[in-house]
Amino acid sequence: MNAPKTVTVKTALIVAGPTCSGKSALALDLARCFEGTVINADSMQVYRDLHILTARPHAADEAAVPHRLYGVLDAAVPGSVAWWRSEALREMDVAWAEERMPILCGGTGMYLRALTDGLVEVPDPGDAARSEARGLAEEIGPEALHARLMQVDPETASGLRPNDTQRISRAWEVWTGTGHGLAWWRSQPGLPPASCRFVSVQLDPEREGLRRAIDSRFGQMLEAGALEEVSALLERGLDPVLPAMRAHGVPELAAVLRGEVPLEEARKSAVLAIGRYTRRQATWFRHHALGKGDDGMISLRRYTHSAQESESQYEKIENFISERVDAAARAS
């Protein structure tokens, strides 16, 4: 790897892609190369209660280069796009002040797009609306609540999967608490994009290799104490609708701890659910560019630290970024 490269132009890197594609490893290597600060852009890795199941970077990696917005929220606090955007912008400013490159790393596309394209702010619908939405989701189920939402806010409901409890509950609370649907709010003028240049790298590995990696990693999570992590979370008696309680692996392992299913069955269910989620992630990223013009590249391989193939892949990515950073410096 080449000597660290100091970046003085207001540029930020984005490392995006589906779960288990190697984003954290790539971001770490890029941070070493470009004197970067890695900023979490994963909606589940913000929770301090879920270090293992969300595959947060290891302590040694976090010590090697600055890592920000990892494990900063309690599981009882629901994160939001608006909250993350504000925190990410603050961390980006800190990185630039320290003459470091902000490297936004994660698979939550809506978080990243809130920086690259801006964000419409939705007013807080209030505790009463939230309680009503969660109560209905538990009482009648997500599909019935989705049907109700379709009657009052078809524009929003038509874009949601009928079994997506979290998003349906959110849409219902916004409609009841503000008098307008999410789709309406998103059509209004909002916050502008971040005032910097983004250079993005999207990892899009082939499906079969990704599936094997997901299965292997979930096994490693179990060995590392994922069951104990979920047990500690359940002991807190938190609302099951909270995002942290719905993180991949939490519902499945909770069922094991309640004696409802054997561990192997739960493992298979979790791996399948994660696989389906990565397909949705990959589809989303294919339809939403995170860099303008030629400031984005797609790598069709999973990234690891050690493989010779990844070393060649890394050199291509580093050269791609260096060319665009140098061009920005010349233009400034």
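Numbers here mean position along the shown chain, with the first residue as 1.
Note that Cβ sites are derived from N, Cα and C of the backbone, with glycine treated the same way.
Record features (Swiss-Prot):
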- G17, P18, T19, C20, S21, G22, K23, S24: ATP binding site (BINDING)
- T19, C20, S21, G22, K23, S24: substrate binding site (BINDING)
- 42-45: region 'Interaction with substrate tRNA' (REGION)
- 166-170: region 'Interaction with substrate tRNA' (REGION)
- T108: site 'Interaction with substrate tRNA' (SITE)
- R130: site 'Interaction with substrate tRNA' (SITE)
Ask   = Rounded to an integer, what is the Cα-Cα distance in Å between R130 (site 'Interaction with substrate tRNA') and S24 (ATP binding site)?
value = 34
Inquiry  = Tell me the Cα distance separating T108 (site 'Interaction with substrate tRNA') from P18 (ATP binding site), rounded to the nearest angstrom.
reply    = 9
Remark   = Around the Cβ of K23 (ATP binding site), other Cβ atoms within 10 Å, all chains included, total 26
Key: Between T108 (site 'Interaction with substrate tRNA') and S21 (ATP binding site): CA-CA distance (Å)   = 13
Ask   = Of these recorded positions, G17, S24, R130, which scores lowest on Cβ atoms within 10 Å?
value = R130
Cβ packing number for T19 (ATP binding site), 10 Å threshold = 22
Inquiry  = What's the number of neighbouring CB atoms sitting within 10 A of the CB on P18 (ATP binding site)?
reply    = 26
Task = Enumerate the residues of the same chain, G17, P18, T19, C20, S21, G22, K23, S24 excluded, that satisfy the criterion Cβ within 8 A of the mean position of the Cβ atoms of the recorded ATP site; list them in sequence order.
result = G107, L203, P205, R302, Y303
Ask   = When the Cα of T108 (site 'Interaction with substrate tRNA') is compared with the Cα of each of the binding-site residues G17, C20, G22, K23, S24, which one is closest?
value = G17
Task = Fewest other Cβ atoms within 10 Å: which of the recorded positions S21, T108 wins that one? Let me know.
result = T108
Query = Under DSSP, the region 'Interaction with substrate tRNA' (166-170) has how many residues in helix, strand and coil?
reply = 5 helix, 0 strand, 0 coil
Inquiry  = Please list, in sequence order, every residue of the chain apart from T19, C20, S21, G22, K23, S24 whose Cβ lies within 8 Å of the Cβ centroid of the substrate site.
reply    = G17, P18, A25, A55, G107, L203, R302, Y303
Ask   = What is the number of residues in the region 'Interaction with substrate tRNA' (42-45) that are helix, strand and coil, as DSSP sees it?
value = 0 helix, 0 strand, 4 coil
